[in-house]
């Protein structure tokens, strides 16, 4: 009887362990699938499909004047009310928690579609996420994703992480599979991949055929000329990139810009022991972004590289505080680099920042940014032109004026001292003669 009881007890524990293990694997599989949303049209046919993962990081101020960061994701319990489909536009909207929502607006042009904007609203009064906040408002931030030129009747796929930073909010999007305009109610199996997911094709070297060498006996050589070793020619740096002139307007009806940026751009990428630099050509560049009171954004889509410049206004001074760069180098190497804690191009609000000399800024351990003939103003643009420029230290020649004046005065003093010493010596010799 005791032996039977022990066996039964062991079987019970093994069963619990197996159930727990199966639940763990089921949970991992479920989480890897992300959030799946299916939207039907008025005829009850599938018109929009999405499966993705997104995380949020929100910095907020507490009642005791501390800055705290809340990190959270979209839970299993959510609704897609507010999502819609049309022939030219569609909207994916996800509602979750106590008054939070996340939505993406898409538009269709000819045979391709794109994501125009991402809108994220979060309710600071949700005590399950935000603890003792100073404000209980619902805050809304907008940003523009890098989803464009998606071929009709294909799904946009991007497994790589893409980070959007606006105000005090950082959104991380990955494992994305979206078809914003489903044809005939059936999700397509064809894929349009993001540039960060496209694998790099390795360069293959053709095999070398070795021809057998016939050895012959030669006469002894009496005169031997030793040639100096050849030094490999270093790779010259790229030419100075062309200067692009970019501007953002508040809306389609505005005639004057609210953000101005002029610069030539070059990026440097380090991959292991290899380092590569590439100029960014201004021809055919797509320009987008937005202007705000405390945040502005400039998005530049070059032929193979997309750059997102995020500016912030704090204490009546603006700066570039985030840069997101994705794409492929000339060699075909794909990359995705982001830094959300920069302090570049800083100057007083109401001025523009200018630096004509070449600047080299380290963005990440792998990415460097080179700028030429730089001038930017993301806030306070009046009549569509740059305000008075605050020059970088390398351009500011005003510091040379006191240096030159000081050097001249020092030289003059030195001449006076020498003349005085010579005069004293002559006078002393005269006294001795008398």
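Each Cβ is built from the backbone N, Cα and C atoms, and glycine gets one as well.
Residues or ranges marked as domain 'Lysosome-associated membrane glycoprotein 2-like luminal' by TrEMBL: 42-183 (among others).
The feature disulfide bond is assigned by TrEMBL to 158-194 (among others). Residue 158 (disulfide bond): 24 other CB atoms within 10 A of its CB, across all protein chains.
Summarising the annotation, TrEMBL assigns region 'Disordered' to 220-241.
The feature compositional bias 'Pro residues' is assigned by TrEMBL to 229-241.
Annotation source TrEMBL lists domain 'Lysosome-associated membrane glycoprotein 2-like luminal' at 242-382 (among others).
The annotation disulfide bond is assigned in TrEMBL to 355-392 (among others).
The feature transmembrane segment is assigned by TrEMBL to 399-422.
The domain 'Lysosome-associated membrane glycoprotein 2-like transmembrane' annotation in TrEMBL covers 401-432.
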Q. In this structure, which of the disulfide-bonded residues 194, 355, 392 has the fewest other Cβ atoms within 10 Å of its Cβ?
A. 392
**Q.** the domain 'Lysosome-associated membrane glycoprotein 2-like luminal' (242-382) - residue tally per DSSP class, helix then strand then coil
**A.** 0 helix, 89 strand, 52 coil
Q. When DSSP states are grouped into helix, strand and coil, how many residues of the domain 'Lysosome-associated membrane glycoprotein 2-like luminal' (42-183) land in each?
A. 0 helix, 87 strand, 55 coil
